[in-house]
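Please read the structure below before turning to the comments.
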Amino acid sequence: MNVLVVNCGSSSLKFQLINSETEAVAAKGLCERIGLDGRLVYQPTGGEKEVTEAAMPTHTEAIKMVLDALVNPKTGVLKSLDEVEAIGHRVLHGGAKISDSCIINDEVISVIEECCDLGPLHNPANLMGIRACMELMPGKPNVAVFDTAFHQTMPEKAYMYAIPYKYYDKYKIRKYGFHGTSHRFVSKETIKFLGLDPNNSKVIVAHLGNGSSISAVVNGKCVDTSMGLTPLEGLVMGTRSGDLDPAVLEYICNKENISVSEMVRILNKESGLLGLSQGLSSDFRDLSEAMENGNPDAKRAIDCLCYRIIKYIGSYIAAMNGVDAIAFTGGIGENAALVRKTVVDNLSYLGITLDEEANKARGEDKVISTSDSKVIVAVIPTNEELAICQETAALVKNQK
Ligand code: ADP
């Protein structure tokens, strides 16, 4: 089944056309600067990358350009749009009502609308993408794959914040977690690749990218994760602070005479690796290069990043009362041998040992612990687009 996978941001739209059976990507690309001037980057597999500047006042024009590119007689990969059998949308927030991917109908749309408060940047953009596809490809099934869904199996003790209960009652303030599509995909793949028992396994997934989160997965079900009500909680990320004492907000707001929302913006956009490195970079590669050249700001940022990962892994091993496998994924998790080594070396108290040679792995499923290690450590590349494609195809086939 040909599935168009769509991931809408407020002014951008990424897409891939994937065959769910062969897993082959026919074409991919992105629309940028939607609402401003507009630019489409289109890349058919095996063909030349094309860049087209054209006005895209809304997501509807952006999707229209993508569809036109896909059926373009010269560079397109489809004869007609009839060959697109379903559309899979990445949706940020499904709140507490949605625990799985679903075929989009009026009810699902109203839940996504209700959750706009919780995902103010993403949910409205996701809805625009959904509505545009419904308008331009009437009658085709649209599926929503939620970033929060996989984490809905967390028990109450893991998702509740210890604040007055009325805030949960009134506003549903709790931990939701994100990157769920990746955590689901990588935990499943880890179990399969390592031959673990799906009904008797404890796995930790460290998704480390620009945004990062860790999850604890027992028997394929998420029991805890590091992101919270929003993606700000948890690890040190590219520009997000992750965990901190909430009193820091009031203190800095008073000292600098800035508003709480300005401070939250700083915690999201100017903190993490970027903030710790005194503005050097939010990108791990830049920082590791600078650290090799003796830059102390880069070293501080990387030390803090690794230390927070170690603490989360340690706490999830305690929460699950053990662990069978730890999987590294995401841009940093899949590529940064240094981060994996720093983390795994600090787990030696558990009898976990790294195979230094295997740790040179990049971009493939690979065990990186030694054969006598008490816990298996592996690199398992994520593929969120393929996961969305597969979930979409499974739901649509089931419905037929
Ligand atoms: P996003 O959260 O935006 O999807 P990615 O998963 O693509 O992010 O991860 C981006 C991060 O991965 C950046 O910090 C980048 O420096 C890092 N990264 C990508 N490739 C490498 C590499 N070869 N070695 C080390 N770090 C890398």
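Including glycine, each Cβ sits where the backbone N, Cα and C put it.
Feature annotations, courtesy of TrEMBL:
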type     : residues                                                                          : note
BINDING  : N7, E384                                                                          : Mg(2+) binding site
BINDING  : K14, H207, L208, G209, N210, G211, D283, F284, R285, G331, I332, G333, E334, N335 : ATP binding site
BINDING  : R90                                                                               : substrate binding site
ACT_SITE : D147                                                                              : active site, proton donor/acceptor
SITE     : H179                                                                              : site 'Transition state stabilizer'
SITE     : R240                                                                              : site 'Transition state stabilizer'
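Sequence features annotated in TrEMBL and their locations in the structure.
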residue : record                             : DSSP (3 states)
N7      : Mg(2+) binding site                : strand
K14     : ATP binding site                   : strand
R90     : substrate binding site             : strand
D147    : active site, proton donor/acceptor : coil
L208    : ATP binding site                   : strand
R240    : site 'Transition state stabilizer' : coil
D283    : ATP binding site                   : coil
E334    : ATP binding site                   : helix
E384    : Mg(2+) binding site                : helix
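Put simply, of the binding-site residues N7, R90, L208, the one whose Cα is nearest the Cα of D147 (active site, proton donor/acceptor) is R90. Sequence-distant neighbours of H179 (site 'Transition state stabilizer') (same chain, 6+ apart, CB under 8 A from its CB) are D147, H207, G211, S213, S215, M227. N210, I332 are the recorded positions among K14, D147, N210, I332 whose C-beta comes within less than 6 Å of an atom of ligand 1, given in sequence order. Neighbour density at the Cβ, taken as the number of other Cβ atoms within 10 Å, is lowest among the recorded positions K14, R90, R240, R285 for R285. For the binding site of ATP, formed by K14, H207, L208, G209, N210, G211, D283, F284, R285, G331, I332, G333, E334, N335 according to the record, the largest Cα to Cα distance is 23 Å, rounded to a whole number.
There are 16 other Cβ atoms within 10 Å of the Cβ belonging to D283 (ATP binding site). In the structure shown, the C-beta of D147 has more C-beta neighbours within 10 angstroms than that of any other entry among the recorded positions D147, E334, E384.
In the three-state DSSP reading, H179 (site 'Transition state stabilizer') counts as coil. Cβ contacts within 10 Å of I332 (ATP binding site), excluding its own Cβ and spanning all protein chains shown: 26. Shown in sequence order, L235, I309, F328, T329, G330, G331, I332, G333, A336, V339 are the residues of the chain, 6+ apart in sequence, with a C-beta less than 8 angstroms from the C-beta of L208 (ATP binding site).
Taking all protein chains in view, 16 other C-beta atoms sit within 10 angstroms of the C-beta of N210 (ATP binding site). Cα of N210 (ATP binding site) to Cα of N7 (Mg(2+) binding site): a span of 17 Å. For the recorded positions R240, D283, R285, E334, E384, a Cα-Cα cutoff of 10 angstroms around R90 (substrate binding site) retains E384. N7 (Mg(2+) binding site) sits 5 Å from K14 (ATP binding site), counting Cα to Cα.
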